Amino acid sequence: MKVTMLKGKIHRAKVEQAELDYVGSITVDMDLLEAAGIYEYEKVQIVDVNNGNRFETYTIAGERGTGMICLNGAAARCVSTGDKIILMAYCELNENEVKDHRPKVVFVDDNNKVERVTSYEKHGRLSDIIL
């Protein structure tokens with residue numbers, strides 16, 4: 001049996017742009033994709049923290065070091081510039097692989113620069129976890 005598990009996550013990144021007249025996807029700074037172990041063109045789930053929208057798209061690598069998070073095409077209607085989003089990619093594992101699996105969780109600062117990468121998310125308030 002296969003189990004779907006969190007593979008990589010970019011937590012509370014700020015939407016820098018939303019481009020409606022663009023072929024669909026989300027453009028993400030390549031530094032963030034690599035830190036989270038997410039590939040270009042990989043299917044991802046996006047959750048908008050500000051409005052609660054959840055949707056799926058795929059990634060396009062953005063320029064390194066820019067902090068770029070840009071929703072493109074129809075996905076641009078699901079967010080507003082300045083919103084905080086959570087971007088997640090998943091993988092399917094065999095049951096015997098689940099016990100040893102650890103996702104990559106990337107926390108970013110206000111400029112979408114990598115602040116911390118961990119393989120563990122403890123339950124708690126953001127202020128308690130990040131500081």
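Note: Cβ is positioned from N, Cα and C throughout, glycine not excepted.
Over in Swiss-Prot, the protein carries these features:
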- SER25: active site, schiff-base intermediate with substrate (ACT_SITE)
- TYR58: active site, proton donor (ACT_SITE)
- THR57, GLY73, ALA74, ALA75: substrate binding site (BINDING)
- SER25: pyruvic acid (Ser) (MOD_RES)
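Counted over every protein chain shown, other Cβ atoms within 10 Å are most numerous around ALA75 among the binding-site residues ALA74, ALA75. When secondary structure is read from DSSP and collapsed to three states, TYR58 (active site, proton donor) falls in the strand class. Sequence-distant contacts (6 or more apart, same chain, Cβ under 8 Å) of THR57 (substrate binding site) comprise GLY24, SER25, ILE26, LYS43, VAL44, ILE46, LEU71, ALA75. Within its own chain, GLY73 (substrate binding site) has GLU19, LEU20, TYR22, VAL23, GLY24, SER25 as residues 6 or more apart in sequence whose C-beta sits under 8 angstroms from its own.
Under 8 Å, Cβ to Cβ, and six or more positions away along its own chain, the residue listed as 'active site, proton donor' finds GLY24, SER25, ILE26, TYR41, GLU42, LYS43, VAL44. Mapped onto three states, the DSSP output places the residue listed as 'active site, schiff-base intermediate with substrate' in strand.
Under DSSP, ALA74 (substrate binding site) is assigned to a helix (H, G or I) in the three-state scheme. Those residues of the chain, other than THR57, GLY73, ALA74, ALA75, with a C-beta within 8 angstroms of the mean position of the substrate site C-beta atoms are GLY24, SER25, ILE26, PHE55, LEU71, ASN72, ALA76, ARG77, CYS78.
When the Cα positions of THR57, GLY73, ALA74, ALA75 are compared pair by pair, the longest gap among these substrate-binding residues is 10 Å.
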